[in-house]
Every structure is written in structure tokens, then in C-alpha cells.
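A short worksheet on the structure shown next.
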Amino acid sequence: MDSVIAFDRSPMFRVYKSGRIERLLGETTVPPSLTPQNGVVSKDIIHSPEKNLSLRIYLPEKVTVKKLPILIYFHGGGFIIETAFSPPYHTFLTSAVAAANCLAISVNYRRAPEFPVPIPYEDSWDSLKWVLTHITGTGPETWINKHGDFGKVFLAGDSAGGNISHHLTMRAKKEKLCDSLISGIILIHPYFWSKTPIDEFEVRDVGKTKGVEGSWRVASPNSKQGVDDPWLNVVGSDPSGLGCGRVLVMVAGDDLFVRQGWCYAEKLKKSGWEGEVEVMETKNEGHVFHLKNPNSDNARQVVKKLEEFINK
């Protein structure tokens, strides 16, 4: 039975009938470096040994007494693949920190199917709360105490990480987690979905749709609503309680999720939420193209837009 494939999402992963998962992508890691890379240093922290939850912290090499904006980043991968330590994420966060002159904290949460939804959200929430223990300057991590500006906190992520950023910001307001603490969120090609097309412009490929539905079953096997689960069908939920003042949604023209991103922004505008939302669309590009081709002009524009949003 261990050799019988139950769900094949190559080239990303395979799940066998025994329950075993074979991750084909996103398992390579790169170490942090106190030797500057592109003017940025980094280190890893285990902040919850009992759950083995860790973070990678990035800091500009040349820092002054001036506090820096804090970027808390959640990686993508459908809640199943990739880590905060994957080479594409290390490269992207290094570039983002160099451009925005910010302090970045890249969160490594536990993944499905070993740790199914909602565990990735709970791990991310715990990581956010750990970061906030540094508000008074007496937290366990010196870099955050010394250099982090808690008046400028941004949550960001791509794909599943964008999904996580939305849900944490909703929860932060609902649970009154330091009112008005989160300045804004940056959702890059957010992983939102629904059972039926979100609008008349959403064109669905049958094979890709089955891939999304199957992947969600792997990530959230106990979901009774399937892809209409509120964790995933974000556009079908009420976003008016979003706990930040500004939102940037980045979408890619050839991405399966492009209309979800646009409709999320439109719904946010009409919901009664009183913040500002903007959308940046990159034409003729696919899902997370900026991670796959980080040296392309379009990828550089993603970093530039992120920098502008943080430092506005």
C-alpha cells in the first residue's frame, strides 16, 4: 500500500494510500548568514522548542539607532511544501530587506498533512504573538528589541502565506491583539479559492481545478465544506473586520488565482472596512513568478512595490 499513489500533484508532491507524503519540491534549504549577502545578515531562532517552531530574521548590515519597519513574512506552498529556509524565500527576503531597509522575520510553520489545517494558522499566530513580546524592548531576541519599529508592522506572504496573512489580521482585530498594531498587509498571489467561479471573468482549467481541490483535501482533510471552507474561500467571507489600515494585493495575469485576488480587493472596498487597498497586476506572468525568476525585471518590480508600500 505504501507504493500506491492516492494523489499525485507532481512536480510538487505525491501522497500515498498509506498516508505517507513525498515532497518533490521545496525541501532544499539554505543556511542563514552573518556574513552580509546583498547588504543583509540573517540568523535562525527556535522560539517554541516544544513545537519546533522557528524563524529566520533578516537585518540590513548597516543599521543605525533609527528603528526599522518590521516585515513578518509567511511562505507559500499550499500549506504542504516549502519552508522559510528554502533558497527562493531566502533570496526574496534578502532582496526585500535590502530594498525596504526593514527588519524581516520569516516564519516557519508546521505543514500538512502531518500537521493539517488549522495547525499552520495556529503556528503562525503563535509566531506573531512571539514577535509582539518585543514591543517593550525586553523580548528574547536582541535584533528585534534594538531595531524593530512596532509602529510599522506589516504582515506579508505569497500564495498560502498571503492567505495566512489575511486570517491573522482578521484574528488580531477580533481578539484585540494590540489595537492598530498591524499597519498593513501585503498579499502576493494569495491562495484563495471557491467551488464555483468567483466572477464571470474567472476561467477555470479542469485539471488545475482538480489539483487545487485535491491539494486542499490533503491540507485540510477534515473540512466538511471542501474548497468552500472559510479558510480557503476568503472572498466568500466578510472581510470588514480586517485589523489593519492598508492592503496591497499583488496578482499575476496568468495565475489561476488572479481573479480571486482582484475580487478580494473589490469586496474589501465595499465591505465597510475603512482602510486603503490597492492592486498591482503583472501581465503575462504565472503564480509566484518572482520566486522562480528573481532576477527578471518583473520580479524586481514586485520588490520595488513592496518597498514603496512599506515606506509610504
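Glycine is no exception: its Cβ is also placed from the backbone N, Cα and C atoms.
For SER159 (active site), other Cβ atoms within 10 Å of its Cβ number 25. Reduced to three states, the DSSP call for SER159 (active site) is coil. Among the features that Swiss-Prot reports, active site is placed at SER159 (among others), with the record citing similarity to another entry.
According to Swiss-Prot, the feature active site maps to ASP255 (among others), an assignment based on similarity to another entry. When other Cβ atoms within 10 Å of the Cβ of ASP255 (active site) are tallied across all protein chains shown, the result is 21.
Taken from Swiss-Prot, the feature active site covers HIS287 (among others). According to its DSSP assignment, HIS287 (active site) is coil.
Look at Swiss-Prot and you will find MET1 tagged as N-acetylmethionine, backed by similarity to another entry.
A distance of 11 Å separates the Cα atom of ASP255 (active site) from that of SER159 (active site).
For the pair formed by HIS287 (active site) and SER159 (active site), distance between Cα atoms is given as 8 Å, rounded to the nearest Å.
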